[in-house]
Amino acid sequence: MVHQVLYRALVSTKWLAESIRSGKVGPSLRVLDASWYSPGTRQARKEYQERHVPGASFFDIEECRDTTSPYEMMLPSEAHFGDYVGNLGISNDTHVVVYDGDDLGSFYAPRVWWMFRVFGHRTVSVLNGGFRNWLKEGHPVTSEPSRPEPAVFKATLNRSLLKTYEQVLENLQSKRFQLVDSRAQGRYLGTQPEPDAVGLDSGHIRGSVNVPFMNFLTEDGFEKSPEELRAIFQDKKVDLSQPLIATCRKGVTACHIALAAYLCGKPDVAVYDGSWSEWFRRAPPETRVSQGKSGKA
């Protein structure tokens, strides 16, 4: 089966703790804290500076993105990504482990996992349970900054894992791909607002199916088993044997869909990078669906 040859998308806290204890963090193994929080809530970089997994570097998703785009969190260029992660000591031969400090156990880490994959890097994993469970289990932390020796990372964009506005618009006619939206149900339906969004009504792309990403996580913040993940997709009539595009608001939690499908043996889920924040501003009104007070979004 295909999932038997896929690189492990998850590593356990126990595995990472043992790897750190045995001195494996270095050019062949790098750890990244990819935390990000809504403005006015928590300060990701400050929290990293106060405590983080020993040897971890801070991956600033605000810096490693296309800052010229009017849309949120769009992918950087190949050169930008390669330079950014190279400065974190990551080469094309490095195993990268990503975590974040979100209370859910995982929020932004799957986005960075997907970013590495979309830029051609196979050996990347998410820390299952995140920093939340690293702390809960009593593993070591440090405030000591990580200063890895810079490395060379050649990024090669894998366009099959990325979808553009034009491709999603065309898909409304061709229906070659299933379209799955990972946001909370109220935001998908248009009955709850998009948080911290100015000029962005909630709602969804016509024809998309709602599978909230939090369904993939246990109450303790771990990824559910492949069997449980398959059942979630099946319950929403999402066929993992067929092509699939993941979307959300800004291309972040959509990566949870890509990760969950990967754990079920499906590595080819594409993410619509602009997601709802782009669709709302560019798409024809009849392709935007909302149950909110204004009808169409």
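Any Cβ shown, glycine's included, is placed from N, Cα and C.
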The candidate from SER35, SER160, SER277 that Swiss-Prot records as O-linked glycosylation site is SER35
From SER38, SER69, pick the one Swiss-Prot annotates as phosphoserine?
SER38
Between CYS248 (active site, cysteine persulfide intermediate) and LYS175 (N6-acetyllysine), how far is it from one CA atom to the other, in Å?
18
What is the Cβ neighbour count of LYS136 (N6-acetyllysine) at a 10 Å cut-off, with all protein chains included?
14
What subset of the modified residues LYS175, LYS224, LYS237 lies within 10 angstroms of LYS14 (N6-succinyllysine) at the C-alpha level?
none
With LYS136 (N6-acetyllysine) as the reference Cα, tell me which of the modified residues SER38, LYS163, LYS175, LYS224, LYS236 is the closest one.
LYS224
Which whole number is the mean pLDDT over the domain 'Rhodanese 1' (25-143)?
97
Around the C-beta of SER38 (phosphoserine), how many further C-beta atoms are within 10 angstroms, looking at every protein chain?
8
